[in-house]
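Following: one structure in structure tokens, then a few remarks.
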Amino acid sequence: VSTMNAKTSSGAEEEGSGMRNETLGESGCLGEAKRRQVIRVAYVIAALDLTFLFMQMGIVPYLSKSLGLDSVGFGYLQTTFGLLQLVGGYIFGRFADRFGARAALILSCVSGSVFFLLMSLSTSIPLLFLSRLPGVFMHGIPGAQKVITDMTTPSQRAGALGKLGFCFGVGIIAGSVLGGVLSTKFGIYVPTYVGLVGSLINTLIAMVCIPSQTKPKSDHHMTEHSDLFSIREILRLMKFPGVMEVFIVKVIAGLPIGLFMIMFSIISMDFFGLEAVESGYLMSYFGVLQMVVQGLVVGKLSSHCTEMTLLRLSVFVFAGVGLGMALMRTVWHYCIIAVPLVFAFSMLATITDSILTKAVPSSDTGAMLGICASVQPLTRTVGPTIGGVLYKQFGVSSFGYLQLMVNLGLFVYLLKSKIPLEEIKSQ
């Protein structure tokens, strides 16, 4: 945290105020116990949001097929959702900066309610496509990240953000199981009803338990007339020291494994020969690994190592994972590779988010988180085409070799370059 060296008594008071804000973790007016309670509520909202999201992900292929949508049409449906999330991520972040983390979380939960309502009414293909529209503001994880970013000090941030991975694991396991059980026993639309009710409950939790102001008023510098979507603002954030370099590493390092995961449903059937139930077990295994790694490992490592060290470590492990993927032949090989894979993926996501939110003014952390949240939708948008070509022309091993080459190059770059990072809390 950088503060101006005061030469007057008023300057000294401002410095003392800045240090107090650091101690209070950018919430300024909330005590330690209250801040921890709010962060726990953010974890609960995130876990529920992900559970409902994975519930619908499990039934969408079957619902699409029952409505007569072929594989090409299903690809368009997924691309539509990815594009909406890509555009909405940054707008959502700017909304959070202007109106606060609570308002942003409420917007996300309300959008989820509309999403599930429209999905429950989707008795035709046009209605199914229409149900994707609220996805533009469905950003529960960035909303929870915004709360945590506002309520933690820079030294606490990586560990606190890392624990969101535990919520991700809960969402994968609970959502996949509930979606399958409910749709099989009670009908294909029942998970959408549960998602609708759950999203409404999430909205109430956010309204009641998240304070209207999660950071000091002095940090709210965004003017009322500034646009929610502004290319100029994105470029402004990218000009802060180290931001562009770290963001590029975040995008490029995760791209090869992102392509692999997009094609995983096809790979699991064709390459591994798995049935639907077995694929579900594999997803649950991933969920457990995610919970353990992000819930326990990331936080402990972040308290003992510098963030740049952990960034280099994640990229190096990714390179090793690429070599393993290039050589794997069975699903058991993949289960072994999954351990370092989940570690590298979780570490990369958490550390880069932490670095980037500390490198911009606190009044822009929502926008920065929104930009970070757009990386995955971008991969989902362009991934099916690139991944399909790689898989068809070169096979599964091509994903591994691409992963190895890209991340080895990034590792060498991170070793040789000195990325200028500055932690800024107000500007």
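From the backbone N, Cα and C atoms, a Cβ is placed for every residue, glycine too.
Curation does not apply to TrEMBL; its annotations are automatic.
Taken straight from TrEMBL:
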COMPBIAS  1-11  compositional bias 'Polar residues'
REGION    1-23  region 'Disordered'
DOMAIN    35-421  domain 'Major facilitator superfamily (MFS) profile'
TRANSMEM  41-63  transmembrane segment
TRANSMEM  75-92  transmembrane segment
TRANSMEM  99-119  transmembrane segment
TRANSMEM  164-182  transmembrane segment
TRANSMEM  188-210  transmembrane segment
TRANSMEM  246-267  transmembrane segment
TRANSMEM  279-298  transmembrane segment
TRANSMEM  310-328  transmembrane segment
TRANSMEM  334-356  transmembrane segment
TRANSMEM  396-415  transmembrane segment
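Sequence-distant contacts of the transmembrane segment (246-267) (same chain, at least 6 residues past either end, Cβ-Cβ under 8 Å): 238, 279, 311, 314-315, 318, 321-322, 325, 341, 345, 348-349, 352, 355-356, 359, 371-372, 375-376, 378-380, 383-384, 386-388, 390-391, 396, 399, 402-403, 406-407, 410, 413-414, 419, 421.
Outside the transmembrane segment (41-63) by six or more residues, the chain places 74, 77, 105, 108-109, 112, 116, 119, 122, 128, 138, 140-141, 143-144, 147-148, 163-164, 166-168, 170-172, 174-176, 178-180, 182-183, 188-189, 191-192, 194-195, 198-199, 201-202, 205-206, 209-210 with a CB less than 8 A from a CB of the stretch. Of the two recorded stretches, the transmembrane segment (310-328) does not lie close to the transmembrane segment (279-298), with fewer than three CB pairs under 8 Å once pairs fewer than 6 apart in sequence are set aside. Averaged across the domain 'Major facilitator superfamily (MFS) profile' (35-421), pLDDT in this predicted model comes to 84. Between the transmembrane segment (188-210) and the listed ranges 75-92, 164-182, 279-298, 334-356, the one holding the most Cβ pairs under 8 Å is 164-182.
Same-chain residues lying 6 or more positions outside the transmembrane segment (279-298) and placing a CB less than 8 Å from one of its CB atoms are 158-159, 162-166, 168-173, 176-177, 180, 265, 268-269, 331, 335, 338-339, 342-343, 346-347, 350.
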